[in-house]
């Protein structure tokens, strides 16, 4: 099954709403409509920017989409500081990142929490980008494949094949995030192939063949082509490079198969 590449730009805690508007405008200007037949492009801004991005995307009928960096496991209630899936859906979010390594590490989110957030996203018609990945100690011990498979199983435990078909998986080796280090294309393929095989076990081969698996970890215009060219890598979850309109547009164009913008 042909899988359309996805390039997702995770802005993390950067840019105010005015800066967000300027960046989205620059990205859209750099990517003519022809590219969107071959690649899906989404931006993942902070919560405070989403309404401004929504107004711009809908008002100018832009072809790129947008999403959120996190979602509450709860529908509503006394959960100070949390944002529900229904709120994000009302803002038109297509995607939401769940289980990012920074959430798992800094906010102590475990697989059960990631699973609950994944369910919350699906309940509200939002595509969860479920993140998994190993630290350097696991990689050096040669246990990276089994570690990621276990994390994947825990993060999707009990989901139906129908629900699994609606998720995106992002493999983000923690040791390569924001460090400038990057897994080789072969490294990325090894883990992404194991992810797809596990999806086949959790759901079916048909479902697994349709799920997009992204690579995230110091992705840039120089390495994205080789990485997304791997059989089981269907795009990238981009960090720092997504804050630079020209580079993010170039990444997207490369994933689309060119030509460069």
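Backbone N, Cα and C atoms are what each Cβ position is placed from, and that goes for glycine too.
Site annotation (Swiss-Prot, ligand substrate) includes 10, 11, 12, 178, 239, 240; from 155, 204, 218, the additional listed residue is 218. A straight line from the CA of residue 11 (substrate binding site) to the CA of residue 172 (active site, proton acceptor) spans 15 Å. Within 10 Å of the C-beta of residue 10 (substrate binding site) we count 26 further C-beta atoms, all protein chains included. DSSP gives residue 240 (substrate binding site) a helix state.
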